[in-house]
Amino acid sequence: MALGDGDDGAAAAAVPLISDRPKHAAIVRSAGTEWTAAAHVITAVIGSGVLSLAWSVAQLGWLAGPGMMLVFAAVTALQSALFADCYRSPDPEVGPHRNRTYANAVERNLGSSSAWVCLLLQQTALFGYGIAYTITASISCRAILRSNCYHTHGHDAPCKYGGSYYMLMFGAAQLFLSFIPDFHDMAWLSVLAAVMSFSYSFIGLGLGLANTIANGTIKGSITGAPTRTPVQKVWHVSQAIGDIAFAYPYSLILLEIQDTLKAPPAENKTMKKASIISIVVTTFFYLCCGCFGYAAFGSDAPGNLLTGFGFYEPYWLIDFANACIILHLLGGYQVYSQPIYQFADRFFAERYPASRFVNDFHTVKLPLLPPCRVNLLRVCFRTVYVASTTAVALAFPYFNEVLALLGALNFWPLAIYFPVEMYFIQRHVPRWSPRWVVLQSFSVLCLLVSAFALVGSIQGLISQKLG
């Protein structure tokens, strides 16, 4: 099932697609632990995806909704364990070759053809996360204004605000944060973002529980929200699965996070512990937010739990929760953008080693700030990148549909296919052995689920765009 030629791994190792050595290897010191890695993962995972889960459970019903979240949690735990073993080659614990990026690992194990396909999918997916986070931040900014408006003028007041201005503000903030050099320098931002994600997740959980108690009944049904036609039900179910798929995997950045870990112990052991911690924490919040949101609102569960105004009061708590979302998204955007930034730095440094534009750093001193070193390539590339994610978000500001599309598009190839195929290579699993058959069946099943979700998410996006 390999996309590329799996037998050219030795050649790929000799001439890597992207250097597996950091541009400034001499000054980088990996000092991360399972707790800093877990903070990076939680920052990346508990993001805008958690806000759509009440709507997802509403479409799937009381059995399939929580069940699907547990299934995706188990799948994510399995694929992250397989993938963590790909950081070193050929031995996952003492191998001399470090695969510091997803593309490095794929190339070393599956060959350059697969690596190019992986690289294209990964960069597209990371770009998509930037778009999704820009959309979500804008929605939260507007939700704060609407919450105050409803509190002042009543719940029936026409409190409507445009989103373009807030997307531009978020883009400007990201442009400033994009000059953080790499993952090694942003642990503080990930910790702050993780604290914010806990804050608004607890608020969403608490408001859902409070509404359920106030209603005196648990809303919802086994079959989920009714629709006008069976076909519409199918589309909604597929979008719900896409939203859940978006909420869980973090394979896009797993190796980059693992590269921040100190050794000993072996990086793969520490990363597996961090993954378990993260998945347990995120699954708890996902189940609570999704289920309490559905219990409170039933079939009327909003597409975004904290901005869809199922909750109006206390308005100050809604404001605080949305402020936490915005702060979290500031960090989450950077976590997903850093692999692209690092790829660009390495790519251009290797292609143009004599270029002063690419390689020279200049010291800049701004008032009230410490001196900082600026590279012209980073300034230009990261400015263009942030501007482009903002521009696409302005063109397609559809929260649930964008999340579902990203989740469905990336889930199988990046979270399932490549980790499974690399596991076969590293562990020398023979074809048609019981382990090979089980994992290939698992991969095919995930492909079918991903394809089903992709069709529904595309249909939803087109319907929203065409009105």
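Each residue's number is its place along the chain shown, starting with 1.
Cβ atoms are placed via backbone N, Cα and C, with glycine included.
Listed features, source TrEMBL:
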type	residues	note
DOMAIN	32-462	domain 'Amino acid transporter transmembrane'
TRANSMEM	37-55	transmembrane segment
TRANSMEM	62-84	transmembrane segment
TRANSMEM	126-145	transmembrane segment
TRANSMEM	165-181	transmembrane segment
TRANSMEM	187-210	transmembrane segment
TRANSMEM	276-295	transmembrane segment
TRANSMEM	315-336	transmembrane segment
TRANSMEM	405-425	transmembrane segment
TRANSMEM	437-462	transmembrane segment
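Distant neighbours of the transmembrane segment (437-462): 1, 75, 78, 234-239, 241-242, 245, 396, 398, 400-402, 404-405, 407-409, 411-412, 415-417, 420, 423-424, 429; these residues of the same chain sit at least 6 beyond its ends, with a Cβ under 8 Å from one of its Cβ atoms. With a threshold of 8 Å between CB atoms, the same-chain residues lying at least 6 positions outside the transmembrane segment (405-425) that come near it are 1-3, 6, 9, 49, 75-76, 79, 82-83, 85-86, 102, 105-106, 109-110, 114, 117-118, 121-122, 125, 128-129, 132, 238, 241-247, 249, 251-252, 436, 439-440, 442-443, 446-447, 449-451, 453-454, 456-458, 461.
Across 62-84, 165-181, 276-295, 315-336, stretch 315-336 shows the highest tally of CB pairs under 8 A with the transmembrane segment (126-145).
Scored by C-beta pairs under 8 angstroms, the transmembrane segment (165-181) has its highest count with 315-336, from the stretches 62-84, 276-295, 315-336.
Counting same-chain residues at least six beyond the ends of the transmembrane segment (276-295), those with a Cβ under 8 angstroms from any Cβ of the stretch are 34-35, 38, 41-42, 45-46, 50-51, 53-58, 62, 65-66, 69-70, 73, 76-77, 80, 198, 201, 204-205, 208-209, 212, 218-220, 247-248, 250, 301, 305, 310.
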